Structure formats: C-alpha cells, structure tokens
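Swiss-Prot has this to say about the protein:
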type    : residues                                       : note
BINDING : G169, D170, R171, Q172, T173, G174, K175, T176 : ATP binding site
SITE    : S371                                           : site 'Required for activity'
Amino acid sequence: MDIRAAEISAILKDQIKNFGQDAEVSEVGQVLSVGDGIARVYGLDNVQAGEMVEFENGTRGMALNLESDNVGIVIFGADREIKEGQTVKRTRAIVDTPVGKGLLGRVVDALGNPIDGKGPIQSDERKRVDVKAPGIIPRKSVHEPMATGLKAIDALIPIGRGQRELIIGDRQTGKTAVALDTILNQKPLNVAGAPESQKLYCVYVAVGQKRSTVAQFVKVLEEQGALEYSIVVAATASDPAPMQYLAPFTGCTMGEYFRDNGMHAVIIYDDLSKQAVAYRQMSLLLRRPPGREAYPGDVFYLHSRLLERSAKLNDSLGAGSLTALPVIETQANDVSAYIPTNVISITDGQIFLETDLFFQGIRPAVNVGLSVSRVGSSAQTKAMKKVAGKIKGELAQYREMAAFAQFGSDLDASTQRLLNRGARLTELLKQPQFSPLKMEEQVVVIWAGTNGYLDALPLNKVRAFEDGLLSLLRGKHVDILNAIRDSRDLSDDNAAKLKSVVDGFVKTFA
C-alpha cells in the first residue's frame, strides 16, 4: 500500500479548515398541508410557541399551535410558493423586531422591515415583540399631562403620560384625526436640544387600512415636520392576517424601548377591531374553538396583554412612560358589542365620537357626556384644573336642560342664560383639524368662555372671537401666556392681567 503525500496533505488541510466547527444541526420538518395562510408541519418536535420558522423559499412563519403530531404555523407572506412536502427550518428565535432611535422617521412593516424606500434601518438592538407587561411595583401613578392640543379632550377628558385612553366611534367620525392631531401637537416638545424628560416620541400602528390612507397619513406627518419624532408601523388590508395580528405588538415593543430608557412615548393602535378580526381568522383556520361572535376565547387576553404594557414607570427605573391610544370602530354606535366592551374594560377611559355630532359640525365629535378619563384631573396642570372644572359642570347642566327645552317655549331667564352659555361653550370646543392649541392658549380661551365673555356674542362670531383674542395675546401680551406656561398655574395676578386684556378686547371686537 503506497501512501500519497498529496492525498494526506489534502485531508489534513480539510481537517484544519473545519477545525472547531461543529456540524450545524438544524431541526427541520415537512409541510403536511398548506392553505389560507396556515401551514401544518410534521417533525418540528422541539419548536417553541411563538418561534419564527423559515420555509424553503425564504418565507417566514410563526409557530402558534403546538399539537402532539403536528405544528400549526401562520405564514408571514404569500403561501402560493409553499408546497406540500417542502422542508421547514427552525430559527431558534422568538419573533423579534429592531428597536431604538434609528427607527424614528421611518415606515416599517409588522416584522420591522423598512417599507419606505429609505434604505436599511440604523439599529443594532432587537427585542422580542411579545413580552410580559411591567408588574405592580415598577409602576407609578399617572401624574404628568399628555396634551393632545384639542380643547374638548385636554379640558374635559385629560390624558396622562402612561395612561391608556380608548378612542371609539363609528367609521368616519374623526378617530384617526384625533390621533393625528395628538402627534402634531408634540412638535414643540420634540425640538432639538429639548430635555428627554419633556420629549414625547410617537408610534403609529396602522392595522388593516388601505395603503392609500397610510400613505396620506405619512405625507401629512412629513409636511408638518412630525415624522422625525414618529415611527409608523403598517400592516395594510392587503397584508396577510398574521401581519395584522403582529403589528400592534411590534409597535408596542418599539415604544417600550423609550419607556424603559427613561423617555416618553405615545402609541396609537389604529385600529384594534381589525386586529381582533385578523386574530379570529387565524384562530378559526388553526381550528381553535370559537366563542362569542366567533372570536376565540382568548381575544380578551390578546388586547389586555398588549395594553397592559403601557405604563408609567417609577423613578428608580428612569420614570419613563408609554401612553396608549387604542382605536375601536363600532357598528351603528353599538358600544356593547364584544370587542368594544372588552377594550373599554381594559383601558383607563374612553373618548366617544358620534356620527350625529360630526354631521352637526361639532368637530372633534366628542360626546362629552359619555366620554371619561379614569385618571382625571391628576393628569392636568393647575391652570387647566381651575378653568376646566367650571366648564364640565356648565356643559352637564346644559345637556340636561337642552333635552327639556325642546318641549317648553316659555323658559325663565336663568334657564335661558344657561342654554345660551352652553351653546357658546359647545361652539368654543369646536376645533379645525391640524390646528392644535398649546396648554396656555387653551386655558385663556376656556377662561374667557366660562367667565361670560361669549354670552352676548352671536354663535357664528365665537370662532372669530377666539382667533382674535389668541392673536392679540400671542402678539402684544405674550408675557401672560409665558407666565401660565412656566408656572403651569393661573395665579390671581395673571388672572387680573388677563381680565383687563379680555375686557379691552371685547370693547374693540365687533
């Protein structure tokens, strides 16, 4: 037997080349059946719940149903290329997403991949999309205001940083408009050089909306200069149901990065009704037993585990916060349906938007009687508390009287006065889109309304009065606005100054 030196050296070289490299054993399974975005796979015995798997053609999926003889996998993409008998590979990673400030100004899909054509995401940190919510000890009660810039909301239904406030109403009642105005209102807080404790980053999650609608939303954010402090997560109507199910969790993880690093963020889920429908579709196709309205039994848990992740953290953890504004679409104002009642019971209050009010021209179409904030005035500045307490009572009396006044024609003077004031205050709470007001501006406008300065005006002049008063204050009396902003209070001294300015303005206004 002759020994060939070349052969030996080739074997040695081969062994040296592969030294220290253990054979990579990837656990693989076989597709048993596929259809409707669901694949049944045999052979992935050790797969984890929620683990990402990869099909032959590179399409990703998530293992949801772990059964004794097969695994039910939802597919994040088209199932057309996936055939029976193909192999499926474990990735050994639970579904995660990139997080960090590199995402600001970007539009991503439900897996965190960019879809805005601006190149790869600048982020080296990844987090799991479905994590446990903070417990009781890490939390702190909500006490800082999260201003929306809308008088009707900031005065009557105040939202605090770390709160969950539901926006609920029929289609076309201005739910997204409220959310958009809230994002635009954070622009003055997010100026370059502002302290992180003041800034409020925004995450907008679009679920099951038309692509054109999302594109329009992003365009408005860009034009108004609000995209630079915002992240948009989009799972549109043409995306598969698993993507629509996952998008809110992905957005929440991105928002949690700010919360956990001592910063503040607000996340808008627009809307959770469509996420529930996508989850119902997946559950029924996975053959899980249906419950009320054919939703699966754990649809409450779907929303509660998502919304419980919004919290105000205590000082030892950096005092960060994540505020949630989930949106729910009702059918014919029916708030007693399954998903609306679930989300109402999870959140810390709700803003009801009504079709009737919208068509009467009261926009934002907030039904002040049915809307509530369970955090309440602890999330308001002192100045706003002083002026808003009065307006709440007067509007409540007005609503009660207006119902009776329809029947009687001869009303006594005090009732007439009450109805007059109520009509003017309702007019005062109207606000056009894209024109959010700062806290101090809202305070002076509401102060003028509750102190009777509008009572003698015709209804159609209220808007002009408000604009005129604000431009006068912004121009010649900016010191009053600055004093209210800095002290967050309306001191007697400032109230006296404001009174003399408004008295003077009323005389010239005609």
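Any Cβ shown, glycine's included, is placed from N, Cα and C.
Locations of recorded Swiss-Prot features on the structure.
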| residue | record | CB count, 10 Å |
| --- | --- | --- |
| G169 | ATP binding site | 27 |
| D170 | ATP binding site | 18 |
| R171 | ATP binding site | 10 |
| Q172 | ATP binding site | 13 |
| T173 | ATP binding site | 27 |
| G174 | ATP binding site | 20 |
| K175 | ATP binding site | 24 |
| T176 | ATP binding site | 20 |
| S371 | site 'Required for activity' | 21 |
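DSSP classifies G169 (ATP binding site) as strand under the three-state reduction. The distance from the Cα of K175 (ATP binding site) to the Cα of S371 (site 'Required for activity') comes to 14 Å. The CA atom of T176 (ATP binding site) is located 17 Å away from the CA atom of S371 (site 'Required for activity'). T173 (ATP binding site) sits 15 Å from S371 (site 'Required for activity'), taking the Cα positions as reference. Excluding G169, D170, R171, Q172, T173, G174, K175, T176 themselves, the residues of that chain whose CB lies within 8 A of the CB mean position for the ATP site are, in sequence, E329, L353, T355, F358, A365. A distance of 18 Å separates the Cα atom of Q172 (ATP binding site) from that of S371 (site 'Required for activity').
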